[in-house]
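Features as listed in TrEMBL:
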DOMAIN    12-214  domain 'Cytidylate kinase'
BINDING   16, 17, 18, 19, 20, 21, 22, 23, 24  ATP binding site
Ligand code: CDP
């Protein structure tokens, strides 16, 4: 067990592949439940950004010392979602020493007041005893379309299909790297609930997730007075 469950605010793990909608869901879930939210991908992105800026190559150098010195303030940088950081973060995330260096930060954050954490290994490694585990996924094509629009792509762009295909290929490569790495690979925890989001809009994913959270917390007798679950789920 990584924490005593009784008497503390819930920890909700949201895992899944890139661009599946974990970020949007987790942010909205945290707001609805009045819990802190941590996008753990930002940890790997921030290490990657700091390495790139220091002229260090994440393919051949360990970011362990940068990871050990990382603070929550580093996650507020506005240059963490660039294509070079996308690729470097995936390399950084393969490094077991970096992952180990970031474990405590994630656990301390969530244990303080409960939290919604989204990432790849929250339900399997960081909080194997999380109160609720969701695994959010969608087809590579649906995820590519979302990422294309997120990056400012429009439906009437003449090169729309080609650009979506390029994004889709990059996502498939990153999925492969994330799920085949030796250290904390992307994998659904045995007790996680899988939500396929291809045919669901963000509101539907949120409503479905809130019902799961309510039922799980009730079944586990987790006392959670800070949000009225009945109102949220009606
Ligand atoms: O937003 P997107 O899904 O594109 O990526 P992200 O969640 O910001 O994660 C960036 C990279 O960090 C991923 O490619 C993963 O390799 C890695 N990551 C991880 O290994 N473990 C986590 N808990 C979160 C992210």
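Along the chain as shown, residues are numbered 1 onward.
Cβ coordinates come from backbone N, Cα and C, glycine included.
Model, not experiment: these values are computed from the prediction.
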Binding-site residues near ligand 1 among 16, 18, 20, 22, 24 (Cβ under 6 Å): 18
For the domain 'Cytidylate kinase' (12-214), mean pLDDT (0 to 100): 95
Three-class DSSP secondary structure - residue 18 (ATP binding site): coil
Chain-internal residues near residue 18 (ATP binding site), provided their CB is under 8 angstroms and they sit 6+ positions away: 143, 147, 171, 174, 175, 178
Cβ neighbour count (within 10 Å, all chains shown) around residue 24 (ATP binding site): 17
Three-state secondary structure, which DSSP defines for residue 24 (ATP binding site): helix
Residues flanking the ATP site, with Cβ no more than 8 Å from the Cβ centroid of 16, 17, 18, 19, 20, 21, 22, 23, 24 and excluding those residues themselves: 25, 118, 136, 137, 138, 143
Proximal but sequence-remote residues of the same chain as residue 22 (ATP binding site) (Cβ under 8 Å, at least 6 apart): 14, 15, 16, 118, 119, 136
Cβ-Cβ neighbours of residue 16 (ATP binding site) (radius 10 Å): 25
